[in-house]
Every structure is written in C-alpha cells, then in structure tokens.
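Heads up, the thing below is written out as structure tokens.
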Amino acid sequence: MTLLELDNIVVEFPTRRGPLEAVKGLSLELNEGQILGLVGESGAGKSITGAAITGLIEPPGLIRSGQVRLRGQRIDNLAPEKMRRIRGKEIGAIFQDPLTSLNPVYTVGEQLIDTMRVHLGLDHKAARKRAIDWLAEVGIPAPEARLDQYPHQFSGGMRQRVVIALALCAEPKLIIADEPTTALDVSVQAQILALLKRLCRENGTAVILVTHDMGVIAETADRVAVMYAGRLVEIGDVAQVIQDPLHPYTKGLMNSIPQIGNRDARLTQIEGAMPGLRNPAPGCAFAPRCPQAIDTCRTLRPIPVDAGSGQVACHLFGEAQ
Amino acid sequence: MFAFLLRRIVQAALVMLVVASIAFLMFRFLGDPISNLLPEDATVEERADLREKIGLNDPFVVQYGRFITNAAQGDFGQSYRNNRPVSDLLAERFPATAELVLVAASLALALGIPLGIYTALNPRGWISQGLQVVSLLGISVPTFVTGILLILLFSVTLGWLPSFGRGEVVDLGGWTTGFLTLSGLKALILPSIMLALFQMTLIMRLVRAEMLEVLRADYIKFARARGMPNRMLHFKYALKNTLIPVMTIFGLQLGGLIAFAIITETVFQWPGMGFLFIQAVNFSDVPVMAAYLVLVSFLFVVINTIVDLLYHVVDPRLRVEKSTARGV
Ligand SMILES: Nc1ncnc2c1ncn2[C@@H]1O[C@H](COP(=O)(O)OP(=O)(O)OP(=O)(O)O)[C@@H](O)[C@H]1O
Ligand SMILES: [Mg+2]
C-alpha cells in the first residue's frame, strides 16, 4: 500500500539574488515498509527533499508548489501544531551526526521518556520501562544503568543507536535517515545500518535512506531514487538500477560499486561538476557532462517515463524505446 | 570532585595572598602613617615613640608577616581618619552594599533572562528590535549618566523617590536593613536600577545570543524532528544549554557589581563600602583602602569559586570523575 507520495514538489529559497529552486518538481511514491535509497551528488537536493516531507524546511525556504501526501492525506499544508504531531509519531528522522544529535545536558533516558510521553501519552513510569526496552532493542548493554547516563558517556556508535531508538520510539511509519552513518567509524557503519534495517523490517517502518554510498544502497534498500540538480533522474528496484542502470548519470555512478563503508568511493567518478541551481540552462541538467548527449538534450528537458522497474528521465532512453 | 575542590581552594588562597601583598605595599608607599596619626605639631620624640610602638621599625619581613596574619583574621588596624577599627567600619557599611548589590543582581537576572529569551524567540518582532536598540544604549551610556538622569527625572522633576541615602533602616542584630521600611525600600529603587541597568542589558544580550546559537544546534533540530512541542523545546531543551554559559558570566559580573557599586554609591551618597572607600581615598586613609581592596577581592574569589562548582554540578559533561566511576 502506498504510504507516501510526493507530487511535483518544488522547494524554493528566496535569496538576495532572486529565488533559488533546490528541488525542481520531484514526484515519487513509497510503499509501506519499503526502504528507498536516495542518492545523488552533494547539493542534489536530497536533504531538502527530506525536510520537505517532515515540514522542516527552514524559513524563508518554502514548498512553492506540489503536494506531500501521507496515506493519501495532504500534509504539506497542515497547521504547525498538526504537523508537529505527525513529526516523530508518523514520520521520524535520523540525522548525520550522532555526536551532536543528542542534548548534552539531559540523560538519554530523559530524552527518550519525553519523546514517548509527548506522542504516546504514557505516564513517566511506563515510559521509563519502555525506554529501557528500547535501549536493549538497539543493542545497548546494561540498558537500565545506561538510561540515566548522559550522551557524552556513550561512544559514537552507541550514540547513533540511541538516536535510532529516539527516532523509532514513538513508532513512526516512515523514517527519513539522512546519511545516518557518514560520521561513524567504518567498522560501526555496517552494524548500525543492519540494526536500522532489522528494526524497520520488524515494525513495518518505511525508510528513505539518504546516502552517497552505493554500497550501502545495495546492501540495505529495496528501491533506489537517483537525484541530479534538484530532479529525479531515475527510480527503480535496487537490483535493476544497480545491475542495469538506464540513465547515463546512474551508469556513471554504478561504474564501480564500492564495498560497504568505503568512504573514498564517493560519487565522484563522473567528469565535471553538477551545474548551479540558479538560472539553469534549458534541456537536461546532466547534458554538459553526459558522454551520450545529443542535440535534443541541450534544448528540451526530459520528463520521467516508465521504464524498467520504475522511471527514467532521459531522451536517449525514450528514443531507444 | 574533592581534588577539584582542593585545587580551587589552593588557587583562591594564592590569589588572596597576592592581593594582601598589594594591600601591604600600599602602606609602604602611600604616605607616612605617622603624620596621619599624630597632630601637625607633634614633637620628633612623639613621632619616634609611635613609630616604635606600632612596629614600623621592625624588619620588612616581620611587618609583612604581621600584616598577613592580622588580615587573615580580619584585622586591618585603625582607620587614620576616625580612629576606629577598620573592621568595624566595614562591618557597619557592608549591609548597605550587600542589599544594593542583591537587589540590583536580582533585578538584572529577573529582567535580563526573560527579555533575552523573548528576543531570541521573536528575533524579527518590533519589540525585540526595539529592545536591542535600547540595550545597546544601556551598554554604551556610562552608568553615572544614567544615575544622574534617573535622579533628574524621579527625584527632581517628579519628586517621587529620594535622590540620596538609604532612608530609614532597621537594625537586626548588627545588620541594618532597608527592606523593612517604606522609605528604605523607596531609597533602594533608583540606585539599584542604576547599578542593574548595565548588567541587565548584558545578560539580555548574552541570553539572546546563546539561545539563538543553541536553537540552531543539531540536538534542537533533532528534537523538533521528533515533534517535541515548542514549549518543551524552548524552555527545557534549549534553556538549560543557554543558561550554563550565562551563569558563568553572571558569576563574574556579580563581583563586578560589588566593584561598580562604588560609582552608584557615590552618585546616591549610599552609605555602603564603596562610598566609604571613596571617602578613604580623599583622606589617604590607607588601612580602609587596603581592607576594602582585600574584602572585595575576597568576595570576588569566593563567588568565582562557587560559580565554578555550580558549573560542575549543572553541566554533566564536566562531571568526569563521577561518570567514570559509574560508567559501564
Ligand atoms: N537555507 C538554504 N538557503 C539557500 N539555499 C539552500 C539552503 N539549504 C539548502 N540550499 C541549497 O539547496 C541545495 C540542495 O541542498 P541539500 O542539502 O538538499 O543537498 P544534498 O543533496 O543533501 O547534499 P549533501 O549530499 O551535501 O548533503 C544546495 O545546493 C543548497 O545550496
Ligand atoms: Mg544532505
């Protein structure tokens, strides 16, 4: 069943030199319990897409047009207080840096308990009991003693486990995990991802996993969406996109899938750089870097068409059909 | 924790020793005490006698040792001006200064913190912008100017509040308080406003800056992403992180308040230690000056040490010893 739909989302930041579109009309669907990998170069708009879903785009930025629907209900135009109730309870978020994501002056227990009391209406005692269960669930040894400790008393990997517990404790149906392991030690990354995957599978939680790491995607995701310069260029099942990518940009990305956790193998294999978001040229944003570009690519913007196990936005592909 | 406490106390003792030495040097270099103690027409023999009697002929080290020993017991000798023990004079004046500083500090905190929070949470509102401008004035206008303007408006023009003195005071076993009479309370208003104004604007701006910083922190973003209500986000998660650094600065400022009270007490003829000190300076009353210096430094050191300890209690990151003992 469809959990989340993005319908032609445009996210705009007013700047001194005129509006800047960070996301330029993005549509995608996510089913319940599905894990979607969201990849793309730095600045492609991945984090902003996540922020658009949770309603946390920093003003003066705004969703200029399009809709975000959760189980068919629009959530992009809700009153702040209504949206707040959805955050944490329906849509959770995990950020990049576990070291700074936890409040340094409150115990991890207090932060867990507060979150559950806000969303689940538990009393303090019940919330405390659940908090201990959650710490155990995310693999923290001696959870009862650990509950009353402060974040600085945990290692980086342990803190990210706490962050996962915090994001999941109100049992959301969707988690947006924005590079949840980038800041961690290579040896810990795989463990954390395996934990996240296991918990989400068990609870039927869908995940949008933002990452630079194709290895992580191959290991964790069901589907992959590839973003380029604020647009979706390809979306499909993970096996198809990795083994048989359709878009030339995706092909470039897949040229060498690094092993999981290999930091050096960032998405930099393609010559050139992503164009600025301001004053985009007509045509396909990837055309200047595309080894297969034809004349049409420089004048006409490709629209996503059904292909393979999903969609692709590329003239070449349309012609090949 | 114990080792930390011990270290702080040793540091504090060293600071006090240095201050006492400076005070001692004041005696040696600021005029001859004999000419202050005896009438103009005293004979040479009389002078020599007194010199011997109060130990000015003893070796330097002996004099220094005696001064430090006495000072440690709160004995700073006789005032040159009115021949009373300096400790008595200070004890008499201490309540006036203490009450003034207490009221000013409370005022500065009670207004500065809420205003700082308000301006941080509504940074674009016109009230906030107005407060920012006013606070800039509060920081840049010298305090004696504000004091004189206050007197001009509320004492001279409107005639609502007294412009000098403490009003009627009640003696509570050696502690004279102005809190218990109407005239005492009225007399406190203008001086404490003058003394508080600078600190209040400072605290307000500090709270604002810290809070804006904290509100941008990742842990606040993550808490917001978990749907924590704004009330909890602002007044629980952000506020404690904001107030920890503010507390330290305020602790340092509290010592500053005692020192700044000199100006306020002079403008309002407030019978506190600062006013006593200014009078002592005019008469080269070295024992009073030395004692004031030592006492104010002592208060500074005590307050700073307490603030440091509090800092360790409030900020869990600094409770290192405890955490390793408890760690799993
Ligand atoms: N507050 C803002 N004001 C103006 N522009 C912004 C703002 N936040 C983001 N942008 C722009 O939006 C674009 C997309 O940013 P986003 O953070 O989504 O990239 P990303 O794909 O997550 O990159 P990364 O992999 O580096 O995290 C960037 O080019 C950035 O310049
Ligand atoms: Mg990002």
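Glycine residues also receive a Cβ, built from the backbone N, Cα and C atoms like all the rest.
Any TrEMBL annotation is an automated prediction that lacks curation.
Taken from TrEMBL as is:
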type     : residues  : note
DOMAIN   : B:94-311  : domain 'ABC transmembrane type-1'
TRANSMEM : B:12-30   : transmembrane segment
TRANSMEM : B:100-121 : transmembrane segment
TRANSMEM : B:133-158 : transmembrane segment
TRANSMEM : B:178-198 : transmembrane segment
TRANSMEM : B:242-263 : transmembrane segment
TRANSMEM : B:290-314 : transmembrane segment
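When each of the listed stretches B:12-30, B:100-121, B:242-263 is scored by C-beta pairs under 8 angstroms to the transmembrane segment (B:290-314), B:242-263 comes out highest. Within its own chain, the transmembrane segment (B:12-30) has Cβ neighbours under 8 Å at 63-64, 67-68, 71-72, 284, 286-287, 289-291, 293-294, 297-298, 301-302, 304-305, counting only residues six or more beyond its boundaries. Tertiary proximity for the transmembrane segment (B:242-263) is limited to same-chain residues at least six positions away from its ends with a CB under 8 Å from its CB atoms, namely 97, 100-101, 104-105, 109, 113, 117, 143-144, 147, 195, 198-199, 202-203, 206-207, 210-211, 214, 270, 272-275, 277-278, 296, 299-300, 303-304, 306-308, 310-311, 314-315. Here the transmembrane segment (B:100-121) has long-range neighbours at 127-128, 131-132, 188, 191-193, 195-196, 199-209, 211-212, 215, 234, 239, 242-243, 246, 250, 254, 257-258, 261, 264-265, 270, 272, meaning same-chain residues at least 6 beyond its ends whose C-beta is under 8 angstroms from one of its own.
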